[in-house]
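Each remark here refers to the structure printed beneath this line.
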């Protein structure tokens, strides 16, 4: 028995040594493994599954189809695979799933990744593995700030865009006094800071800002406080997202704060949130969006195709993922390879316009996509003409103003 | 076949040990290496929890504090000092032991559900400290990009790091095994069986429990340190109560008081989670929960405990001569 054991150990040691000699092989060809693998890593069951989730995979497939249709026989990437994984909004899972996608599934690019902590985890993996990562779903400006790296791009929106859209515009419109409530974790704190800065810069005052537990289902304390503050706030700014936002808005309506003269501004609001709350619950609420399906013919045409496939109208994140996938494939086409360095080179500084990104530029210094954003207001139910037609666009915020005017000096690519 | 040979052999210890070692060595060839490392870390963590649960009779619901606390400490050492990773891991384990001293001191006087609740409370305190102390722990974002430095060796590949991390796990398991086989371990078992009698015999029960608690925490810390190194990452998830719960679940699945059972529980749970997540099945909890219920209802001794029990009863039937010797070998001694 002992002999069996030792020989087993020896055999294993032999295997071990053999294993150390070999490593992951680098692809020499133009398209690694003869295929381009696009991986969507996002929340498929939790609080952000409605804003991107499974429909995002469909959006990415649509990008692949459009790319293939556009180039026909001349496509650089003959075979394109779309796959998906669920990170449950946990950085730990995002970290191991990203490694797995790059290693085990030969993913060439990871897309989406909502939840800032998860996105930062994937950015680190992308940097170590030297593989492309285009984040669409996360808000943190750290992605193009101190955590930026050569292989990470930030698409669609960020907390600066949300704060400077909503905070600045609503203040300029006359709502000078704000009361802010924010969930007490990284995203909420970041949003509170950027919003306060934007409001002050626009000449407004933040009377008070209160952290709330996260997650939380009872906001009564904060809502009662809102109407009793002195001076009375004209607007309640909430940085809650997902399920918490739904609870807060319902309670805001129960307390009839709007009738008491306290308006509502929301830090991060997605079409899917309006859909689940119903437009009446949110009527008159202002927020900033990176895209809206019913803005013009181009976006509407795409939204029709999307609806035919999924039965829903697309959220801004879903459209953003379509655009990110499409622009990635276009970069592969221009460079003729899916080698990460070449794709990065093709994307840096690239100016383009598509269904999602208007006046789009991928800023070379920090890999942030600059594009037009929109100040939106939720319509009352009476004005809604068709399902999902919940929003009117008040103003287009030009690309140059929508995002940070200068790259963060902390970013060293 | 192995089973029947074992049954006939009477003492399957060395063979089982060799089999276990072999399994540990070939694991990253069979499955995806990072998952293999996760299994190894959780196996040590489960063994550490079992040391307390199975051999001292204390159900701790707060071991996440030690696993996660050590993960942060290991990460901070590696990030800020650039010392080789083994130093960081040992430092993390030492930190876990230090953290366990006051927690253990205050909680070992209690037992049963009260002990579980108090340890849970301390672990939650640790969680909130880690969450609020953002400058150090990174809060929500955690500590990212923890380097694996070892005298210039390239360990960035998860396959090679498995073999760098495995020795810590094996040493930890060996220490746990030595502890339960030592006279100290026998005293722990007697305390578990009857604390009053142990006290009457002159053993300072609380001090023994405290020492067991600290040792268990140090081993959990070591596991957490290797885990943090393996992922290059320490996050709030590590200090959250679900982590404590998962370790306890692994011990119960594998078999309480078997030490190695935890490894089987760990392999089962980690593999299952990986499989379900890869298959795109969202409600992992339903499946693991159902398995847990089935095991608790049908195999009270856990998987390993049941297997060992079956072997022992077969052995009795096959060789009645050995029965007399059997009772001396207590069920609490792992194979």
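Note that the numbers count up from 1, one per residue, in the order the chain is shown.
Positions of Cβ are set from backbone N, Cα and C atoms, glycine also.
Pulled from TrEMBL:
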| type | residues | note |
| --- | --- | --- |
| TRANSMEM | B:12-31 | transmembrane segment |
| TRANSMEM | B:37-62 | transmembrane segment |
| TRANSMEM | B:83-106 | transmembrane segment |
| TRANSMEM | B:112-130 | transmembrane segment |
| TRANSMEM | B:161-180 | transmembrane segment |
| TRANSMEM | B:210-236 | transmembrane segment |
| TRANSMEM | B:248-269 | transmembrane segment |
| TRANSMEM | B:275-299 | transmembrane segment |
Under 8 Å between C-beta atoms and at least six residues away from its ends: which parts of the chain pack against the transmembrane segment (B:210-236)?
34, 37-38, 40-42, 44-45, 47-49, 51-52, 55-56, 58, 60, 63, 66-75, 78, 85, 88-97, 99-101, 103-105, 107-108, 127, 130-131, 137, 139-140, 142-148, 158, 161-162, 165, 168-169, 172, 175-176, 179, 184, 188, 247
Under 8 Å between C-beta atoms and at least six residues away from its ends: which parts of the chain pack against the transmembrane segment (B:83-106)?
62, 65-67, 69-75, 77, 118-119, 122, 126, 147-151, 155, 164, 168, 209-210, 213-222, 224-226, 228-229
Counting only pairs 6 or more apart in sequence, are there at least 3 Cβ pairs under 8 Å between the transmembrane segment (B:112-130) and the transmembrane segment (B:37-62)?
yes
Winner by Cβ pairs under 8 Å against the transmembrane segment (B:37-62), considering only B:12-31, B:161-180, B:248-269:
B:248-269
